[in-house]
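Colleague: One structure is given below, represented as C-alpha cells, and several questions about it will come after.
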Amino acid sequence: MGKEDKTHINLVVIGHVDSGKSTTTGHLIYKCGGIDSRTIEKFEKEAEELGKKSFKYAWVLDKLKSERERGITIDIALWKFETPKYSVTVIDAPGHRDFIKNMITGTSQADCAILIIAAGTGEFEAGISKDGQTREHALLAFTLGVRQLIVAINKMDTTKWSESRFNEIIKEVSNFIKKVGYNPKAVPFVPISGFEGDNMIEPSPNCTWYKGWNKETASGKSSGKTLLDAIDAIEPPTRPTDKPLRLPLQDVYKISGIGTVPVGRVETGVIKPGMVVTFAPSNVTTEVKSVEMHHQQLQAGYPGDNVGFNVKNVSVKEVRRGNVAGDSKNDPPKGCESFNAQVIVLNHPGQVGAGYAPVLDCHTAHIACKFSELIEKIDRRTGKSVENNPKFIKSGDAAIVKMVPSKPMCVEPFTDYPPLGRFAVRDMRQTVAVGVIKSVIKSDKTAGKVTKAAQKATKK
C-alpha cells in the first residue's frame, strides 16, 4: 500500500498541562513521522547546548509550535506520522494559545482525541480535579462531535510500572469519561512512557502484566498492545462528499487577467468547474469557471481540499471572507435571521444574560451576535432541561440560547453541516463559551444578483 493510498485521519491531543502531551506527540512524530533526520539532529544539538537533552521529543514539538506561533509556515509534514493503515495529522495540541478556538473553527474536525493522563502520584489527581483542564478538553471534544477517544496513561515509569496504579487510574478515568458522554468499553486504555518510548510503538518489556487493550464498538471488537495499535484501530471517518456543497470563504482575491478568485476549504460536497454557485449571505449567484489547488487545475474539489476558484461577473466587493458558497441547485446556503444553539459557558468572570453581544467565530465568519433569549438551562451531559427561561447563566452552565447576528451571517444546524454548526464565543480576548447550533431561521430574501454567466450556464 503506497503512502498516497492511505486514508487520512486527524487527531487532537488533550490533557492537563503537565501530562506529557508534547513529549508523547513529539515521540510519535519523531519515530513514525515526517521529520527528516537532518532536522532532528539540528534540534538535538540545540537541545544539548541548552542542557535540555532529556527534553528531546518535547523540544521537537516546541520548536514546531514556536515557529507556528511566529507565523512561520511550517511544512505540515512535520505534524504528520504514519501508522500501518493511516496517514495521521495532529491538528492541534493544546497549550497552543488559541487551542479552543482552533478546535471549533479549526481547519478540520478531529476524527479521534487522545487523552493523555499522567500516572504520577498527585499528578493524576490534579489533572482530573473539578477545575482541571482535562475535564474541559474532554467535554469540548465530545460536544464538538469527536466521538472516538483513546486514553494514554503516561509517565508509567515514574510509578515503577505499577499494575495496581494503572488499574486504579482506569477505574477513575472510566467514570470520568462516562460523565462526559463517552462509553469506556469503546475506549482503549494504554500504559505508556512518552519519554522512554515504552508501549508507544513496540510493546514494552517493563510491564509484563499488561495483556493489551480491548475496545468494543458498533462495528465490532478490536485489541492491541501499543498506542500506535490503538491509533491504527480508529474507525475510518466518512467524508461528506454526498452532502450539498458548503465552502466557507477564507479570502477573496482579485487576480489580474483572471478576475475574482474566492479561496476556502470544501467542508461538504464537491465543487466543479461549470457549476452554478450561490454565495450566502450576500445572495450572489454565478458560474464557477475553474477550480485549482496548489496552482493545479482540478476537475473537482472534495471535502478537506483548500481550493481557489474563479468566478465570472462578480467583483471583490460582492463576496467576502465569512461568506459561504454552495450549489445553487442543491440546498443553496442562505443568510439567517436568528438561530438556536446549545451554548456552554467555559470561563466568563460574571453572569451572562439576555442582551449579551459578544463576537462569534463560526467557520470563517467573525460576527457579533446577541443572546436575545435564554430559552432553557440544560444538563451538559444528558441535554435534558433543568430550568426554563433562566435569568442568567455562568461558567460551567449549558443553555439553549436564541442568537441574533448583528449583520448577515450564514450558519447551519450542526447535525446537517457540522463545520458550519459549531462556534466559539470570544470576549475579553479569550474563548468564553462554545456553541453547537440546533436550528436556524433562514432569511428568505427575494432573488439576489444572478450574473449573466450563471444565466447562460443554467440554460445549457
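Cβ from N, Cα, C; glycine included.
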Colleague: Among 31-35, 71-75, 271-275, 336-340, indicate the range for which Swiss-Prot gives the feature region 'G2'.
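Modeller: Spelled out, Swiss-Prot records region 'G2' over residues 71-75, not the other listed ranges.
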Colleague: I'm validating the feature mapping. Which of 38-41, 154-157, 262-265 is tagged region 'G4' in Swiss-Prot?
Modeller: 154-157
Colleague: With the ranges 44-47, 92-95, 96-99, 304-307 to choose from, which does Swiss-Prot describe as region 'G3'?
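Modeller: My reading of Swiss-Prot: the region 'G3' range is 92-95.
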Colleague: Tally every other Cβ atom lying within 10 Å of the Cβ atom of Met156 (GTP binding site).
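Modeller: Around the Cβ of Met156 (GTP binding site), 29 other Cβ atoms lie within 10 Å.
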Colleague: How many Å separate the Cα atoms of Lys80 (N6,N6,N6-trimethyllysine) and Lys21 (GTP binding site)?
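Modeller: Roughly 15 Å, rounded to the nearest whole number.
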Colleague: Report the member of Lys21, Lys31, Lys80 (the recorded positions) whose C-beta atom has the most other C-beta atoms within 10 angstroms.
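Modeller: Neighbour-count leader: Lys21.
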Colleague: Looking only at the region 'G1' (15-22), report the model's average pLDDT.
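Modeller: Summing pLDDT over the region 'G1' (15-22) and dividing by its length gives 72.
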Colleague: Within the region 'G1' (15-22), how many residues are helix, strand or coil going by DSSP?
Modeller: 2 helix, 1 strand, 5 coil
